[in-house]
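Record features, source Swiss-Prot:
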{"type": "BINDING", "residues": "CYS121, CYS124, CYS212", "note": "[4Fe-4S] cluster binding site"}
{"type": "MOTIF", "residues": "46-51", "note": "motif 'PP-loop motif'"}
Amino acid sequence: MVTETLSRKADYNANKLRKRLRRLVGTAIADFNMIEKGDRVMVCLSGGKDSYALLDILRNLQAHAPLDFELIAVNLDQKQPGFPEHVLPGYLSEINMPFRIVEQDTYSVVKRVIAEGKTTCSLCSRLRRGVLYRVATELGATKIALGHHRDDILETFFLNMFYGGKLKAMPPKLVSDDGCHVVIRPLAYCKEKDLAAYAWHAQFPIIPCNLCGSQPNLQRQVIKEMMQQWDKKYPGRLETMFTALQNIQLSHLADTSRYDFVGLKPHGIAIEEGDKAFDEEPLSVIPVDMDHDDDSTFEPENEHDGGAVQGGVI
């Protein structure tokens, strides 16, 4: 009886989580106009938890969305030692998903250029992007969908701030480096821990991300641990920080190339973004956009990222 009750509760929570993630993805798509009628969306699938979840949620939205669009999954086999070549074709065939496996030995290039024991992720990522842009052109894809989530975006923001001296994050939508494609990140509003729980419940055949033997990006790992500590000690802080990325006030920063500080003159008209001297901003005690539905998130018994630093994303 107890086992049956626990099972029902787990199913109930899993269903709530599934609905929430679909809602968040749908909202992100609408907010940034990520997918339009007639689009051919190339979903980059690495075999990590995030890209699996992305594909699964997009397939559900495709079945219920009021507009027609195509999906095609693409995996880049980089010839890393031990890569299970049969896993993704088997999974995609089983769910009747159109796909293409691209074989390109970028692994050898990376090993030749990067010294043993160093982090290879940056070069590997650049090579991978170049191949994927080419494949997108060959497939006639109008959008390239990547599986980066909210935590990836915040991590990138802090990496650029702490180590690069830039206020720069990872946009939910952008034009690709070659200027020919639109890249979208439909998971932009989704928490990593929710995606991990979603993948665990769905039992996706996760492929490890560390087959290349690369050392972890220590800077990113420091940022990730910092954010995890904040999330535990100050619930809602990450939500507030993400909201801040959507609420920029250039007049209260210090970039003269973005705001005309030099030409500022008094005009006698009060403006909302103007300097309020010592008047304190009315700040809410409750973090902005705090998701009160967290009870629907359940943690897997042995949470396995499957995508590690890169979020399991191509």
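Using the three backbone atoms N, Cα and C, a Cβ is placed for every residue, glycine included.
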Counting every protein chain shown, other Cβ atoms within 10 Å of the Cβ of CYS124 ([4Fe-4S] cluster binding site) number 21
Counted with DSSP (H/G/I as helix, E/B as strand, rest coil), the motif 'PP-loop motif' (46-51) has 3 helix, 0 strand, 3 coil
